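Undergrad: Feature annotation from TrEMBL assigns domain 'Malic enzyme N-terminal' to 80-261. Under the heading active site, proton donor, TrEMBL lists Tyr103. Per TrEMBL, the feature (S)-malate binding site maps to Arg156, Asn411, Asn456. The annotation active site, proton acceptor is assigned in TrEMBL to Lys174. According to TrEMBL, the feature divalent metal cation binding site maps to Glu246, Asp247, Asp270. Sequence annotations record features per position, and here TrEMBL assigns domain 'Malic enzyme NAD-binding' to 271-525.
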Amino acid sequence: MERDWWQLTPRREVHFIPDNLAAYDSRGMAFTIEERQAMGIHGLLPPRVKSQEEQVELCKLSIERYEDPLNKYIYLMGLLDRNEHLFYRFVGENVADTMPIVYTPTVGLACQKFGLVYRRPRGLFITIHDKGHVYDILKNWPETDVRAIVVTDGERILGLGDLGACGMGIPVGKLSLYTALAGIKPHQCLPITLDVGTNNQTMLDDPLYIGLRQRRVRGAEYDEFIDEFMQAVVKRFGQNCLIQFEDFANANAFRLLEKYRGRYCTFNDDIQGTAAVAVAGLIASLRITNKRLSDNVFVFQGAGEASLGIAELCVMAMKNEGTSDADARSKIWMVDSKGLIVKNRPEGGLNEHKEKFAQNCSPIRTLAEVVNVAKPSVLIGAAAIGGAFTADILRAMGELNARPVVFALSNPTSKAECTAEEAYANTDDRAIFASGSPFPEYRAKDGRVLRPGQGNNAYIFPGLALGVLCAGIVDISEDFMLLAAEALAEIVSQDSLDHGSLYPPLAEIQECSVKIAKKVLEHAYRTGKASVQPQPLDAEAFIRAQMYDVRYAAALPPRYAWPAPAHAPAHVAPRVAVM
């Protein structure tokens, strides 16, 4: 007995998606009935037509259904995959709620679980085994108009350490903010992870780990690999392509920055971006303390990338006030894992960057002792040591200063040196506080509501990058970083300061990016570092014209009437021979 073919075929589910529905995910139910009919997708969507505004509201309802931050992250990454315009509009209009998900602190958890949350390719993974063929890998990326790259080797992801290839969540998150917060076109952004292995045994033993299962490659082979990568980027995308280094280990971060600055369009966000946003907060605090920056004494918990970057930019800012280099450095006390950085420290552990801030005094082991000796007016933490600012240290800061400045900048929240509540409660609500991760509002004893400012790099790097790309800058020198910090500090309103915040509300961050970009653009033309010519007459209008439009464009080309063709004369009418 014969059977039909389907009876001979193993039973399986078939999910049929018509080819003409491929464009559906670009805007979902926002296609008009006319567009659906013209595109041949009428009937493949529900009959209701939804505006983009209605879709944004649906996104809010959808994400609120999830309680777990990681699930919120997965939802947003899925939205990014299927509808870029809607994703960037939703994030841009809800920055305060979404930035902690697509960036710190949730992105740290996403990196730790990246093998679990990975869904589809987004960015390039270039491994040490591809050495000699990096350009070939870059050619595999379908876009040729790449203007901005965020690259990591995954060795120092936030305060979480070596996550290897799972660090890809950081470049993806950073570049999503390039677009959402500064309007840099998404097709011009490329996240890259350079996989040279990992020394994290937990990752190596994890069956879900997505990277090379080997220990990290170091030394000459590593350096040659990075050199090849930099050269390949310029060959593929041009000298003006911005390369932002992200979450490299301290030793590599500093030396690679020194090696490539001035030769490539590059900066290190952990060193320079963190410095700019922190110094912006310090400059804004001067409007509360009525001091110059040079009138302060600074104590740093930590002497890594972030702390050294902040310290160097503080020195530059103090020198602009007329303070000598030596005097400026004498006001900065840095504590690392071996104690206070002093000249000829018996415990050692000093490099050329730390030695520039070595105090000429006896060794001091603990942060509490350093605070008692240095008597600082500013306390900054960037060493990812949760709780390092103890109640005793905070009380000492309150006793030393009428308005002590306390910056707990480490991410994620679990690594913060203290909470906002601890800073306020132990200083009789007099602390001027800022943090790296968000903290809730605090009600002071006198009834005031204090809104602790989040010194997030996202205030700086999107606007800086927008200005760099619009001006065609190749050499991002340190003066651009200080300029960005000063521009951000100027934006802080008196109302924000009155409520204890040294930064503008996150809802205003897109406008902050435009204003920072404008300052960068104007400075580039003043200093002859702009390659885009001629100089635009209206800098802000020029910048806004380059930005990504999150609104849906028309799905159909414009249609208009055309005159009917005149009838051809009968004597010239074509004749067909009849055989």
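Note: Cβ is positioned from N, Cα and C throughout, glycine not excepted.
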Undergrad: Sort out the sequence-distant neighbours of Glu246 (divalent metal cation binding site) for me: same chain, 6+ apart, CB within less than 8 Å of its CB, listed by position.
TA: Val150, Val151, Thr152, Ile170, Pro171, Lys174, Asn268, Asp269, Asp270
Undergrad: Which chain-mates of Arg156 ((S)-malate binding site) that are at least 6 residues away have a CB under 8 A from its CB, listed by sequence?
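TA: The answer is Asp162, Asp247, Phe248, Ala249, Asn250, Ala253, Asp270, Glu305.
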Undergrad: For the domain 'Malic enzyme NAD-binding' (271-525), what's the mean pLDDT in this predicted model?
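TA: The average pLDDT of the model in the domain 'Malic enzyme NAD-binding' (271-525) works out to 95.
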Undergrad: For Asn411 ((S)-malate binding site) and Tyr103 (active site, proton donor), determine the Cα separation and express it in whole Å.
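TA: Pair distance, Cα basis, whole Å: 11 Å.
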Undergrad: At a 10 Å cut-off from the C-beta of Asn456 ((S)-malate binding site), count the other C-beta atoms across all protein chains.
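TA: Other Cβ atoms found within 10 Å: 26.
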Undergrad: From the Cα of Asn456 ((S)-malate binding site) across to the Cα of the residue listed as 'active site, proton donor', what is the distance in angstrom?
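TA: So the Cα of Asn456 ((S)-malate binding site) lies 10 Å away from that of the residue listed as 'active site, proton donor'.
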